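Heads up: the structure comes next, in structure tokens.
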């Protein structure tokens, strides 16, 4: 066997071992250097045995192997403290130090042992060594029967706040059980009682054989600390439900609901209130709280299913009333016309008088500084058509106590927080209010002050244009067939008939304004709000409310009202009273759709409030129906 002697020919440079690596590089750095050196010598065809011998005998590799062996022994060795009283030992050393010589080392040792950090370290060492961190429980008595159920003693400190739990009697066993735990209450925050727990004693008094009312009386008479002895439920309920927010579409008063399990735990709410649903485990009774006061504990409200069932039962229990709900609008309109007292001096003389009024009105519809802007949607014929066609429908719905609006609608509407992004279209602004409250004047002033930002949609009509009118400016003039096609295709937000002609505002007309980057302002009758509530338009509804009658008598002493009989007629006291009553009915019937309410006591103040409300609607977070922002929902 031949042995190469090339290893003896290695120069000092070739024999140079790699520089010890930086400790921060770790084992990966060492292996990387080793591979580099091996590849270098391999390329030179150097004898590997000599190289490997020198490498394995290098001091830095020997030290690394010693550290590895030490770690392995440390890993296999079970750690046992040398002493469990290191703190006592340190105190004994401190007592002996004064007897020793006063060398600098003795002084330094005294300072170290007296330092707070050193004392804390030794105390922690003794605690771990003695295993004082493990709780010591007393031994169980030997005479406990195997059949006895485990009991829990719960102590709660009751102040002026309610406990936040309801109880019930088991129908078969007669046991007193915790029926439900109210979210946010004292019991829920303690985490010690759960629905289904069996009460055995309250403050040392056995509840066996007692009625729930008697147990409630014991709790009501107790103050300070209340001690419960309970048999816990085998598996405490775990709720994984997400928080849901809804808008109430009806009024609810727990005091008037005979079916509520606990009247005191009920949560009253009004139409339009935003509720936070925190518990839907019960199919009939949910737990919720108002977002206006999230600090209080939740209350019981009927579930969506239960309220719909109540609505159906109430609807079918009412007597059939075709004269209020199903009377034709044409018959109602004729009765209303017959009931109006006509002053012959104020009746329009002929159609020319009406046309002359519209012609004068058309001149006022051009506004702007320097440049003329036309304000569409204010023609007298359109306003009279809307008022005449819709008043009868509104009157019928308001007179019917069991209106179909409340009978078939969902009692809750799920909502989410929405903020319009700068790249999105503006939200449609809808103004609602009784006739004479100033909706049209507010809309006119708003558009007139900034026509480049605000605009009304151009309505449609089937009548022929007059000589001074232009298609697409005052109206979109279409045939009756085209208009009816838009109606049946649900493309009209509102429509009606006046003097044999159809008038209305289409969805496309609103989109035309929004596509220009402007804010579309329109007024609707309350019953037409639903047709505009789509995810494309995302309307923000503002209710213009009149002040009290005495304030209106002062602010509207020179104002005039427009009717189909009177071109201009001053307000009478009965008109003001009727306006106030109609506003109350609108708010009661359709208030759940109103996002904002403005009292028009002073026109300039109301216009300023309107501008502020519109700005908030376009720029700030608002509650909107969840269907408007959900990507999986078709509007």
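A Cβ is built for glycine as well, from the same backbone N, Cα and C atoms used for every other residue.
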Checklist entry - Which one of these stretches, 511-566, 567-622, shows up in Swiss-Prot as coiled coil? => result 567-622
Checklist entry - Going by DSSP, how much of the domain 'PDZ' (153-234) is helix, how much is strand and how much is coil, in residues? => result 15 helix, 32 strand, 35 coil
Item to check | Secondary structure content, the domain 'SH3' (241-311) (per DSSP, counts of residues) | outcome: 17 helix, 24 strand, 30 coil
Item to check | Residue counts (helix, strand, coil, in that order) that DSSP gives for the domain 'L27 2' (86-136) | outcome: 40 helix, 0 strand, 11 coil
